[in-house]
């Protein structure tokens, strides 16, 4: 019988505790969260993987053909094809949808766990939350995109003005802009969990994310970096069959004088391996996303102490402690 003890979200944690609680949460909810991700985010992720796999296979074949025959017309004709751009557009759409579904599933599962204090989360409850928050998540991504465009336009104007003054200033501005984007991206990383847990509007959530991370930027960066590295290493190991098959196809095309495109069976295998690898990569994104969620609760507790206040409020409602010998 499972010895279950609900994880307390609202408490302060140091770096190692945040990493440990992330893996403890996955251990407790491997079945429930895994099922939710597989059935909710899985379908659009698989479609995206199939499209990306097919695109990568076609692009590799096209590149080898151009390298062998040295004809730029082949690749230019492909780039001018409406089918090529339609394929890219559909890949972007399905990629965004799959990412939104995966992130929404993870965050809503975390919120349900906190509400119910159990790992017996019903799939129907997760699906209902994901459906109700889909457009909020999609809108958040869209607003981030618009904000990025607006910032980009301002930066371009700023760089043009600097270029008229000094080239050295442009170089310095380039470094400053690079570090600014890294800082801002991390400082806004709590936006999705804030919108899910606190039901705040977009700009209010961004402002709160910046406020919470102020003074804790490096610890947030370190947590995300470590969890992302772990996920990346595992995903590369899982992707070995795809890379091996790609290497075999490359050897096959260079081992003969005449160019031979990979057989249909090899293409199908490549697409299948890529799709599975992509699905696992999306599943592994659970690591940094859960880390961000626990960092959110950690920072809220450090700065506002809702968990401590709740414990204090509950002191008067608790019955008298059982008589026992006090130990020192």
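For all residues, glycine too, the Cβ spot is worked out from N, Cα and C.
Caution: TrEMBL annotation is automatic and unverified by curators.
Just so it is clear, the model here is predicted, and its values are computed rather than measured.
Per TrEMBL, the feature transmembrane segment maps to 37-56, 84-113, 134-163, 169-197, 218-244, 264-284.
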Report the listed stretch (37-56, 84-113, 169-197, 218-244) having the maximum count of Cβ pairs within less than 8 Å of the transmembrane segment (264-284).
37-56
Ranking 37-56, 84-113, 218-244 by the number of C-beta pairs under 8 Å to the transmembrane segment (169-197), which range is first?
84-113
Chain residues outside the transmembrane segment (84-113) and at least six past its termini with a C-beta under 8 angstroms from it:
6-7, 9, 25, 29, 32-33, 36-37, 40-41, 44-45, 47-48, 51-52, 55, 78, 119, 121, 125-126, 129-130, 133-134, 137-138, 141, 192-193, 196-197, 282, 285-286, 289-290, 293
